[in-house]
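Q: I have a structure I would like to understand better, so I am pasting it below and will then ask my questions one at a time.
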Amino acid sequence: MGRFIFVSFGLLVVFLSLSGAKGNNCPQDWLPMNGLCYKIFDELKAWKDAEMFCRKYKPGCHLASFHLYGESPEIAEYISDYHKGQSEVWIGLWDKKKDFSWEWTDRSCTDYLSWDKNQPDHYQNKEFCVELVSDTGYRLWNDQVCESKNAFLCQCKF
C-alpha cells in the first residue's frame with residue numbers, strides 16, 4: 001500500500017509539472033501564443049524605430065505578425081490589459097514598395113488581413129505602415145504614416 005501511494009504521488013508530481021510547462025518560455029508580462037511571445041511596449045516610436053527596438057531586444061524578434069483570425073481576440077485582450085496609453089499600436093506589416101503589396105517584417109506569409117472599414121487607403125499617398133486601431137479594441141488595422149509615434153507590439157521566440 002505504501003509503495004502504491006509513493007508511485008501515485010510521484011506520477012502526480014510529474015503530471016503537474018508537465019501540465020504547467022506547455023512549452024511556454026515567455027518572460028512575465030509577455031503573451032504566449034502559437035510558440036511565440038508577444039509584448040506591448042508603451043514608449044511611443046516611429047514604425048522603423050519600433051521595428052529596430054524589437055530586433056535589438058533579442059535576435060529574431062520583430063514587430064508582431066498575425067496569420068489567423070483566432071489570434072486577434074487574444075492579442076486585443078492582452079493589449080487592452082497591459083497597454084497603459086490610448087495610442088494605436090504598431091505591428092510588423094508595411095507596404096515597402098508603396099503599391100498595396102503588404103509584407104511582414106519577419107518575412108512570413110501575408111495570409112491574413114484584418115483591415116478597418118475603408119482601409120488601407122494610403123491617404124495622401126503617405127500611409128505605408130500598419131497599426132492596430134484602439135477604437136476597434138485593437139482588433140482591426142489601419143495604414144498610417146510611418147513617422148507617426150505609437151506604442152508597439154513585439155514578437156519573439158524565447
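Any Cβ shown, glycine's included, is placed from N, Cα and C.
The following feature annotations were taken from Swiss-Prot:
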BINDING   Q119, D121, E127, N142, D143  Ca(2+) binding site
DISULFID  C26-C37  disulfide bond
DISULFID  C54-C154  disulfide bond
DISULFID  C61-C156  disulfide bond
DISULFID  C129-C146  disulfide bond
DOMAIN    33-155  domain 'C-type lectin'
SIGNAL    1-23  signal peptide
Q: If you count CB neighbours within 10 Å, which one among the disulfide-bonded residues C26, C37, C154 has the smallest count?
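A: Per-residue Cβ counts within 10 Å for the disulfide-bonded residues C26, C37, C154 bottom out at C26.
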Q: Where DSSP helix means H, G or I and strand means E or B, what are the helix, strand and coil counts for the domain 'C-type lectin' (33-155)?
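A: Looking at the domain 'C-type lectin' (33-155) with DSSP, the answer is 29 helix, 39 strand, 55 coil.
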Q: Can you give me the Cα-Cα distance between Q119 (Ca(2+) binding site) and C129 (disulfide bond) in Å, rounded to a whole number?
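A: A Cα-Cα distance of 12 Å.
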Q: If you count the C-beta atoms lying within 10 Å of each candidate's C-beta, which of the binding-site residues D121, D143 ends up with the smallest number?
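A: Counting other Cβ atoms within 10 Å of each of the binding-site residues D121, D143 gives the minimum at D121.
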Q: Hey, for the Ca(2+) site built from Q119, D121, E127, N142, D143, who else sits with CB inside 8 A of the CB center?
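A: Other same-chain residues near the Ca(2+) site: W115, D116, P120, H122, Y123, V130, W141, Q144.
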Q: Between C26 (disulfide bond) and D143 (Ca(2+) binding site), how far is it from one CA atom to the other, in Å?
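A: Just about 29 Å between their Cα atoms.
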Q: I need the least crowded one of these binding-site residues (Q119, N142), counting other C-beta atoms within 10 angstroms of each C-beta.
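A: Per-residue Cβ counts within 10 Å for the binding-site residues Q119, N142 bottom out at Q119.
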Q: Using DSSP and collapsing to three states, where does C26 (disulfide bond) fall: helix, strand or coil?
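A: The residue in question, C26 (disulfide bond), is coil (DSSP, three-state).
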Q: To the nearest whole angstrom, what is the C-alpha distance linking C146 (disulfide bond) and C54 (disulfide bond)?
A: 16
